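Swiss-Prot lists Cys121 with the feature active site, nucleophile, giving sequence analysis as the kind of evidence. Sequence annotations record features per position, and here Swiss-Prot assigns active site, cysteine persulfide intermediate to Cys222. The annotation ATP binding site is assigned in Swiss-Prot to Ala27, Met28, Ser29, Gly30, Gly31, Val32, Asp33, Ser34, Leu53, Gly145 on the grounds of sequence analysis. Per Swiss-Prot, the feature disulfide bond maps to Cys121-Cys222; the stated evidence is sequence analysis. The site 'Interaction with tRNA' feature in Swiss-Prot is assigned to His146, Gln365.
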Amino acid sequence: MSAQNLAPPLNTLDFDKKPEETRVVVAMSGGVDSSVVAGLLKQQGYDVLGITLQLYDHGAAVHRAGSCCAGQDIDDARRVCETLGIPHYVLDYEKRFRETVINPFAESYVAGETPIPCVSCNQTVKFADLLATAKELGADALATGHYIRSRPNPSPEHPGRRALFRPADADRDQSYFLFATTQEQIDYLRFPLGGLPKAETRRLAEEMGLVVAKKADSQDICFVPQGKYSDIITKLKPNAALAGEIVHLDGRVLGTHEGILHFTIGQRRGIGIATGEPLYVVYLDARSRRVIVGPKEALETHRVYLRDVNWLGDETLGEAASGEGFACYAKVRSTRAPAPAVLHVDATGTYVDLTVGEAGIAPGQACALYSAPGDDARVFGGGFIERSEREPAAEASLKALLASPVAA
(Lines of atoms letter the chains of each structure in order from A and count residues from 1; the text may use other names and numbers.)
(Lines give C-alpha, C1' and ligand atoms only; values in the text may rest on other atoms or scores of the structure.)
Protein backbone atom coordinates (compact mmCIF):
# COMPACT_ATOMS: atom_id res chain seq x y z
CA MET A 1 0.00 0.00 0.00
CA SER A 2 1.42 3.39 -0.95
CA ALA A 3 2.02 6.06 1.66
CA GLN A 4 -0.65 8.35 0.24
CA ASN A 5 -3.28 5.63 0.72
CA LEU A 6 -2.54 5.19 4.42
CA ALA A 7 -5.10 6.64 6.81
CA PRO A 8 -3.83 9.80 8.52
CA PRO A 9 -2.51 9.24 12.04
CA LEU A 10 -4.96 9.75 14.83
CA ASN A 11 -4.38 12.63 17.22
CA THR A 12 -4.57 12.05 20.97
CA LEU A 13 -8.37 12.49 20.89
CA ASP A 14 -8.90 9.86 18.17
CA PHE A 15 -9.72 12.27 15.34
CA ASP A 16 -8.33 11.74 11.83
CA LYS A 17 -6.95 15.25 11.56
CA LYS A 18 -4.23 17.39 13.02
CA PRO A 19 -4.70 18.86 16.51
CA GLU A 20 -4.58 22.43 15.19
CA GLU A 21 -7.55 21.55 12.96
CA THR A 22 -9.50 20.12 15.92
CA ARG A 23 -11.55 22.48 18.07
CA VAL A 24 -12.17 21.35 21.65
CA VAL A 25 -14.34 23.03 24.26
CA VAL A 26 -13.12 22.37 27.80
CA ALA A 27 -15.68 22.47 30.63
CA MET A 28 -13.76 24.49 33.23
CA SER A 29 -15.02 24.39 36.81
CA GLY A 30 -12.16 26.46 38.20
CA GLY A 31 -10.53 23.38 39.73
CA VAL A 32 -7.19 21.75 39.07
CA ASP A 33 -8.48 18.84 36.97
CA SER A 34 -10.28 20.77 34.22
CA SER A 35 -7.50 23.37 34.23
CA VAL A 36 -4.89 20.69 33.51
CA VAL A 37 -7.09 19.29 30.73
CA ALA A 38 -7.10 22.72 29.07
CA GLY A 39 -3.34 23.00 29.53
CA LEU A 40 -2.59 19.57 28.08
CA LEU A 41 -4.76 20.15 25.02
CA LYS A 42 -3.22 23.56 24.46
CA GLN A 43 0.28 22.05 24.66
CA GLN A 44 -0.71 19.38 22.13
CA GLY A 45 -1.76 22.04 19.63
CA TYR A 46 -5.55 21.84 19.75
CA ASP A 47 -7.83 24.83 19.16
CA VAL A 48 -9.03 25.13 22.77
CA LEU A 49 -11.94 27.16 24.17
CA GLY A 50 -12.67 27.26 27.90
CA ILE A 51 -16.26 27.54 29.12
CA THR A 52 -17.34 27.93 32.74
CA LEU A 53 -20.95 27.58 33.83
CA GLN A 54 -22.19 29.84 36.60
CA LEU A 55 -24.54 27.46 38.35
CA TYR A 56 -25.36 29.16 41.64
CA ASP A 57 -24.47 32.11 43.84
CA HIS A 58 -25.41 31.28 47.41
CA GLY A 59 -23.44 33.70 49.53
CA ALA A 60 -21.16 31.61 51.71
CA ALA A 61 -20.81 28.94 49.04
CA VAL A 62 -19.24 31.44 46.65
CA HIS A 63 -16.01 31.63 48.65
CA ARG A 64 -16.16 28.23 50.38
CA ALA A 65 -13.07 26.10 49.88
CA GLY A 66 -13.85 23.13 47.67
CA SER A 67 -16.93 24.65 46.05
CA CYS A 68 -17.56 24.51 42.32
CA CYS A 69 -18.85 26.81 39.59
CA ALA A 70 -19.41 29.87 41.80
CA GLY A 71 -17.76 33.30 42.05
CA GLN A 72 -14.20 32.41 43.07
CA ASP A 73 -14.14 29.37 40.82
CA ILE A 74 -15.14 31.44 37.80
CA ASP A 75 -12.32 33.87 38.54
CA ASP A 76 -9.85 30.99 38.90
CA ALA A 77 -10.92 29.55 35.54
CA ARG A 78 -10.49 32.96 33.92
CA ARG A 79 -6.97 33.32 35.34
CA VAL A 80 -6.01 29.84 34.13
CA CYS A 81 -7.20 30.66 30.62
CA GLU A 82 -5.18 33.87 30.68
CA THR A 83 -2.08 31.88 31.66
CA LEU A 84 -2.69 29.36 28.88
CA GLY A 85 -3.59 31.98 26.29
CA ILE A 86 -6.99 30.53 25.39
CA PRO A 87 -10.42 32.19 25.14
CA HIS A 88 -12.69 31.90 28.17
CA TYR A 89 -16.46 32.28 28.28
CA VAL A 90 -18.88 32.26 31.22
CA LEU A 91 -22.46 31.09 30.69
CA ASP A 92 -25.20 31.86 33.21
CA TYR A 93 -26.96 28.54 33.89
CA GLU A 94 -28.33 29.37 37.33
CA LYS A 95 -31.99 29.04 36.31
CA ARG A 96 -31.38 25.79 34.45
CA PHE A 97 -29.32 24.38 37.35
CA ARG A 98 -32.05 25.27 39.85
CA GLU A 99 -34.74 23.64 37.70
CA THR A 100 -32.88 20.44 36.81
CA VAL A 101 -30.65 19.82 39.83
CA ILE A 102 -31.51 21.78 43.00
CA ASN A 103 -35.31 21.50 42.89
CA PRO A 104 -35.33 17.75 42.05
CA PHE A 105 -32.75 17.23 44.81
CA ALA A 106 -35.11 18.77 47.37
CA GLU A 107 -38.14 16.91 46.00
CA SER A 108 -36.26 13.63 46.21
CA TYR A 109 -35.50 14.17 49.90
CA VAL A 110 -39.15 15.00 50.58
CA ALA A 111 -40.04 11.68 48.96
CA GLY A 112 -37.77 9.84 51.41
CA GLU A 113 -34.99 9.23 48.90
CA THR A 114 -31.23 9.81 49.07
CA PRO A 115 -30.51 11.70 45.83
CA ILE A 116 -27.20 12.15 44.03
CA PRO A 117 -27.27 15.65 42.50
CA CYS A 118 -23.89 15.18 40.77
CA VAL A 119 -25.50 12.61 38.45
CA SER A 120 -28.32 15.01 37.56
CA CYS A 121 -25.84 17.82 36.94
CA ASN A 122 -23.72 15.69 34.61
CA GLN A 123 -26.79 14.27 32.91
CA THR A 124 -28.48 17.60 32.16
CA VAL A 125 -26.44 20.76 32.55
CA LYS A 126 -22.92 19.54 31.75
CA PHE A 127 -23.42 16.73 29.26
CA ALA A 128 -26.59 17.95 27.56
CA ASP A 129 -26.73 21.74 27.61
CA LEU A 130 -22.99 22.44 27.51
CA LEU A 131 -22.47 19.76 24.89
CA ALA A 132 -25.06 21.43 22.67
CA THR A 133 -23.28 24.76 23.15
CA ALA A 134 -19.96 23.17 22.18
CA LYS A 135 -21.50 21.90 18.95
CA GLU A 136 -22.90 25.36 18.21
CA LEU A 137 -19.35 26.72 18.56
CA GLY A 138 -18.14 24.26 15.93
CA ALA A 139 -16.21 22.09 18.37
CA ASP A 140 -15.27 18.53 17.49
CA ALA A 141 -15.40 17.47 21.14
CA LEU A 142 -16.22 18.53 24.68
CA ALA A 143 -13.44 17.65 27.15
CA THR A 144 -13.83 17.47 30.93
CA GLY A 145 -11.63 16.78 33.94
CA HIS A 146 -13.49 13.66 35.04
CA TYR A 147 -11.50 10.59 35.99
CA ILE A 148 -12.89 8.05 33.55
CA ARG A 149 -11.72 6.68 30.20
CA SER A 150 -13.36 6.38 26.81
CA ARG A 151 -12.09 4.41 23.83
CA PRO A 152 -13.22 3.73 20.28
CA ASN A 153 -15.79 0.94 20.07
CA PRO A 154 -16.83 1.10 16.41
CA SER A 155 -19.50 -0.94 14.68
CA PRO A 156 -20.41 -1.05 10.97
CA GLU A 157 -23.45 1.12 11.68
CA HIS A 158 -21.64 3.49 14.07
CA PRO A 159 -17.95 3.91 13.15
CA GLY A 160 -17.51 6.75 15.65
CA ARG A 161 -18.93 4.88 18.62
CA ARG A 162 -17.01 4.90 21.90
CA ALA A 163 -17.24 3.02 25.21
CA LEU A 164 -16.59 4.08 28.81
CA PHE A 165 -14.05 2.44 31.13
CA ARG A 166 -12.94 2.96 34.71
CA PRO A 167 -9.84 5.18 35.11
CA ALA A 168 -6.26 4.35 36.00
CA ASP A 169 -6.61 6.02 39.42
CA ALA A 170 -9.20 3.87 41.21
CA ASP A 171 -9.28 6.26 44.17
CA ARG A 172 -10.54 9.03 41.84
CA ASP A 173 -12.94 6.86 39.84
CA GLN A 174 -15.97 8.98 38.85
CA SER A 175 -17.72 6.38 36.71
CA TYR A 176 -20.43 5.89 39.35
CA PHE A 177 -21.53 9.50 38.82
CA LEU A 178 -21.41 9.16 35.03
CA PHE A 179 -23.56 6.05 34.52
CA ALA A 180 -26.33 8.18 32.97
CA THR A 181 -24.11 9.53 30.18
CA THR A 182 -25.84 8.59 26.93
CA GLN A 183 -24.15 6.88 24.00
CA GLU A 184 -24.50 10.01 21.87
CA GLN A 185 -22.80 12.07 24.58
CA ILE A 186 -20.00 9.52 25.06
CA ASP A 187 -19.18 9.65 21.35
CA TYR A 188 -18.63 13.43 21.59
CA LEU A 189 -16.95 13.64 25.01
CA ARG A 190 -13.26 13.22 25.79
CA PHE A 191 -11.63 12.57 29.19
CA PRO A 192 -7.89 13.31 28.97
CA LEU A 193 -7.21 12.54 32.66
CA GLY A 194 -8.55 8.99 32.55
CA GLY A 195 -5.09 7.48 32.32
CA LEU A 196 -3.42 9.70 34.94
CA PRO A 197 -3.14 9.45 38.72
CA LYS A 198 -4.29 12.52 40.63
CA ALA A 199 -0.75 13.17 41.87
CA GLU A 200 0.43 13.52 38.28
CA THR A 201 -2.38 15.98 37.55
CA ARG A 202 -1.21 18.12 40.47
CA ARG A 203 2.38 17.93 39.25
CA LEU A 204 1.36 19.02 35.75
CA ALA A 205 -0.60 21.96 37.16
CA GLU A 206 2.49 23.17 39.00
CA GLU A 207 4.66 22.61 35.93
CA MET A 208 2.24 24.72 33.87
CA GLY A 209 2.29 27.46 36.49
CA LEU A 210 -1.46 27.34 37.05
CA VAL A 211 -2.88 29.34 39.96
CA VAL A 212 -5.09 26.37 40.96
CA ALA A 213 -2.22 23.88 41.35
CA LYS A 214 -2.73 23.61 45.12
CA LYS A 215 -6.46 24.33 45.19
CA ALA A 216 -8.57 21.94 47.28
CA ASP A 217 -10.76 19.44 45.46
CA SER A 218 -14.51 20.05 45.45
CA GLN A 219 -16.26 18.27 48.31
CA ASP A 220 -19.79 17.09 49.11
CA ILE A 221 -22.68 18.89 47.42
CA CYS A 222 -21.29 21.93 45.63
CA PHE A 223 -24.35 24.20 45.94
CA VAL A 224 -24.89 23.73 49.68
CA PRO A 225 -23.23 26.37 51.90
CA GLN A 226 -21.22 24.78 54.73
CA GLY A 227 -22.42 21.36 53.60
CA LYS A 228 -25.80 21.73 55.41
CA TYR A 229 -28.20 20.33 52.85
CA SER A 230 -31.09 20.41 55.33
CA ASP A 231 -31.08 24.22 55.20
CA ILE A 232 -31.60 24.21 51.43
CA ILE A 233 -34.32 21.55 51.59
CA THR A 234 -36.20 23.30 54.40
CA LYS A 235 -36.17 26.53 52.45
CA LEU A 236 -37.41 24.95 49.23
CA LYS A 237 -39.70 22.31 50.74
CA PRO A 238 -40.97 23.31 54.22
CA ASN A 239 -43.06 20.12 54.45
CA ALA A 240 -39.86 18.10 54.71
CA ALA A 241 -39.38 19.47 58.24
CA LEU A 242 -42.81 18.40 59.51
CA ALA A 243 -42.74 16.24 62.64
CA GLY A 244 -43.71 12.58 62.61
CA GLU A 245 -43.33 9.27 64.41
CA ILE A 246 -40.37 6.96 64.82
CA VAL A 247 -41.78 3.44 64.50
CA HIS A 248 -40.19 0.02 64.96
CA LEU A 249 -40.67 -2.63 62.27
CA ASP A 250 -42.79 -4.56 64.77
CA GLY A 251 -45.23 -1.64 64.97
CA ARG A 252 -44.16 -0.03 68.25
CA VAL A 253 -44.11 3.77 68.27
CA LEU A 254 -40.77 4.67 69.88
CA GLY A 255 -40.81 8.45 69.67
CA THR A 256 -41.11 11.45 67.37
CA HIS A 257 -38.83 13.31 64.96
CA GLU A 258 -38.59 16.82 63.46
CA GLY A 259 -38.64 15.90 59.77
CA ILE A 260 -37.61 12.94 57.62
CA LEU A 261 -34.98 15.07 55.86
CA HIS A 262 -32.78 14.61 58.93
CA PHE A 263 -32.55 10.84 58.37
CA THR A 264 -31.02 8.46 55.86
CA ILE A 265 -31.47 4.73 55.44
CA GLY A 266 -28.77 2.85 57.33
CA GLN A 267 -28.35 5.63 59.91
CA ARG A 268 -27.75 4.56 63.52
CA ARG A 269 -26.46 7.63 65.35
CA GLY A 270 -28.67 10.61 66.05
CA ILE A 271 -32.01 8.84 65.72
CA GLY A 272 -33.11 10.35 69.02
CA ILE A 273 -34.43 7.29 70.84
CA ALA A 274 -32.95 4.99 73.49
CA THR A 275 -34.28 1.43 73.63
CA GLY A 276 -31.32 -0.59 74.85
CA GLU A 277 -30.96 -2.28 71.46
CA PRO A 278 -29.02 -1.03 68.41
CA LEU A 279 -31.54 0.29 65.90
CA TYR A 280 -31.07 1.55 62.35
CA VAL A 281 -33.23 3.55 59.97
CA VAL A 282 -34.58 0.94 57.55
CA TYR A 283 -37.24 2.96 55.69
CA LEU A 284 -38.53 6.52 55.34
CA ASP A 285 -42.31 6.55 54.92
CA ALA A 286 -42.67 9.98 53.33
CA ARG A 287 -46.42 9.68 52.82
CA SER A 288 -47.07 9.25 56.55
CA ARG A 289 -43.93 11.07 57.74
CA ARG A 290 -42.74 7.98 59.62
CA VAL A 291 -39.13 7.00 60.25
CA ILE A 292 -39.13 3.21 60.44
CA VAL A 293 -36.32 1.58 62.41
CA GLY A 294 -35.20 -1.98 63.04
CA PRO A 295 -32.21 -4.26 63.67
CA LYS A 296 -29.15 -4.25 61.43
CA GLU A 297 -30.16 -7.43 59.64
CA ALA A 298 -33.27 -5.64 58.34
CA LEU A 299 -30.97 -3.53 56.15
CA GLU A 300 -29.56 -6.49 54.23
CA THR A 301 -30.51 -6.22 50.55
CA HIS A 302 -29.95 -8.64 47.68
CA ARG A 303 -32.20 -7.16 44.98
CA VAL A 304 -32.69 -3.60 43.76
CA TYR A 305 -35.22 -2.42 41.18
CA LEU A 306 -34.06 0.34 38.83
CA ARG A 307 -35.72 3.27 37.08
CA ASP A 308 -34.39 5.59 34.37
CA VAL A 309 -31.99 2.91 33.17
CA ASN A 310 -29.19 3.99 30.82
CA TRP A 311 -27.83 0.92 29.05
CA LEU A 312 -24.44 1.14 27.29
CA GLY A 313 -23.89 -2.46 26.22
CA ASP A 314 -23.38 -3.58 22.62
CA GLU A 315 -26.67 -5.52 22.58
CA THR A 316 -30.01 -4.02 23.50
CA LEU A 317 -30.96 -4.19 27.17
CA GLY A 318 -33.68 -6.72 26.42
CA GLU A 319 -31.32 -8.97 24.47
CA ALA A 320 -28.63 -8.83 27.12
CA ALA A 321 -30.66 -9.16 30.32
CA SER A 322 -33.66 -11.36 29.52
CA GLY A 323 -33.84 -15.04 30.43
CA GLU A 324 -31.01 -15.98 32.79
CA GLY A 325 -29.94 -12.35 32.99
CA PHE A 326 -26.68 -10.51 32.31
CA ALA A 327 -23.75 -11.38 34.59
CA CYS A 328 -21.88 -8.22 35.54
CA TYR A 329 -20.54 -6.23 38.50
CA ALA A 330 -22.47 -3.51 40.32
CA LYS A 331 -21.73 -0.52 42.54
CA VAL A 332 -24.48 0.94 44.73
CA ARG A 333 -22.09 3.33 46.48
CA SER A 334 -19.40 5.48 44.93
CA THR A 335 -16.76 4.37 47.44
CA ARG A 336 -17.23 0.61 46.98
CA ALA A 337 -15.57 -1.63 44.43
CA PRO A 338 -17.90 -3.26 41.88
CA ALA A 339 -19.27 -6.56 43.23
CA PRO A 340 -20.72 -9.60 41.37
CA ALA A 341 -24.32 -9.15 40.24
CA VAL A 342 -26.86 -10.24 37.64
CA LEU A 343 -29.00 -7.76 35.70
CA HIS A 344 -32.53 -8.90 34.79
CA VAL A 345 -35.33 -7.54 32.65
CA ASP A 346 -38.76 -9.17 32.86
CA ALA A 347 -42.43 -8.32 33.38
CA THR A 348 -41.74 -7.02 36.90
CA GLY A 349 -39.21 -4.45 35.69
CA THR A 350 -35.44 -4.01 35.51
CA TYR A 351 -33.62 -5.26 38.58
CA VAL A 352 -30.20 -6.30 39.82
CA ASP A 353 -29.52 -9.30 42.03
CA LEU A 354 -26.50 -8.62 44.25
CA THR A 355 -24.57 -11.84 44.84
CA VAL A 356 -23.01 -10.74 48.12
CA GLY A 357 -25.74 -8.36 49.30
CA GLU A 358 -25.46 -4.82 50.61
CA ALA A 359 -26.76 -3.06 53.73
CA GLY A 360 -28.58 0.25 53.86
CA ILE A 361 -29.48 0.78 50.21
CA ALA A 362 -31.76 3.80 49.75
CA PRO A 363 -34.12 4.79 46.93
CA GLY A 364 -32.59 7.54 44.81
CA GLN A 365 -29.08 6.11 44.97
CA ALA A 366 -27.43 4.98 41.77
CA CYS A 367 -26.56 1.46 40.71
CA ALA A 368 -23.73 1.48 38.16
CA LEU A 369 -22.89 -1.63 36.13
CA TYR A 370 -19.48 -2.89 34.99
CA SER A 371 -17.84 -5.71 33.04
CA ALA A 372 -15.33 -6.57 35.78
CA PRO A 373 -14.36 -5.58 39.34
CA GLY A 374 -10.97 -4.00 38.64
CA ASP A 375 -9.47 -0.93 37.04
CA ASP A 376 -10.17 -0.48 33.34
CA ALA A 377 -13.49 -2.34 33.53
CA ARG A 378 -16.04 -1.27 30.95
CA VAL A 379 -19.00 0.79 32.18
CA PHE A 380 -22.35 -0.65 31.07
CA GLY A 381 -24.46 2.21 32.43
CA GLY A 382 -26.94 1.71 35.24
CA GLY A 383 -30.01 3.28 36.80
CA PHE A 384 -31.47 4.94 39.87
CA ILE A 385 -32.68 2.64 42.64
CA GLU A 386 -36.47 2.78 42.81
CA ARG A 387 -36.90 0.22 45.58
CA SER A 388 -35.08 -2.69 47.15
CA GLU A 389 -36.01 -6.06 48.62
CA ARG A 390 -34.69 -6.94 52.07
CA GLU A 391 -34.38 -10.35 53.65
CA PRO A 392 -37.83 -12.03 53.70
CA ALA A 393 -38.81 -11.47 57.36
CA ALA A 394 -37.91 -7.78 57.30
CA GLU A 395 -39.62 -7.31 53.93
CA ALA A 396 -42.83 -8.88 55.24
CA SER A 397 -42.78 -6.74 58.41
CA LEU A 398 -42.22 -3.57 56.40
CA LYS A 399 -45.03 -4.31 53.95
CA ALA A 400 -47.43 -5.03 56.82
CA LEU A 401 -46.46 -1.81 58.58
CA LEU A 402 -46.88 0.30 55.44
CA ALA A 403 -50.30 -1.23 54.84
CA SER A 404 -51.51 -0.44 58.36
CA PRO A 405 -53.40 2.81 59.05
CA VAL A 406 -51.52 5.63 60.73
CA ALA A 407 -52.95 7.02 63.96
CA ALA A 408 -54.31 10.53 63.59
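Note that Cβ sites are derived from N, Cα and C of the backbone, with glycine treated the same way.
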Where the record names Ala27, Met28, Ser29, Gly30, Gly31, Val32, Asp33, Ser34, Leu53, Gly145 as binding ATP, the maximum Cα to Cα distance in Å:
16
Cα of Cys222 (active site, cysteine persulfide intermediate) to Cα of Asp33 (ATP binding site): how many Å, rounded?
16
Taking the Cβ of Cys222 (active site, cysteine persulfide intermediate) as centre, how many other Cβ atoms lie within 10 Å?
23
According to DSSP, does Gln365 (site 'Interaction with tRNA') fall in a helix, a strand, or coil?
coil
Integer Å value for the Cα distance linking His146 (site 'Interaction with tRNA') with Gly31 (ATP binding site) is 11
List every residue in the same chain as Gln365 (site 'Interaction with tRNA'), at least 6 positions away in sequence, whose Cβ is under 8 Å from its Cβ.
Thr114, Ile116, Val332, Arg333, Phe384, Ile385
Could you say whether, by DSSP, His146 (site 'Interaction with tRNA') belongs to a helix, a strand or a coil region?
coil
Conformational class of the residue listed as 'active site, cysteine persulfide intermediate' under the three-state DSSP mapping
coil
Just the number: how many Å between the Cα atoms of Ser29 (ATP binding site) and Cys121 (active site, nucleophile)?
13
Give me the CA-CA distance between Asp33 (ATP binding site) and Cys121 (active site, nucleophile), in Å, as a whole number.
17
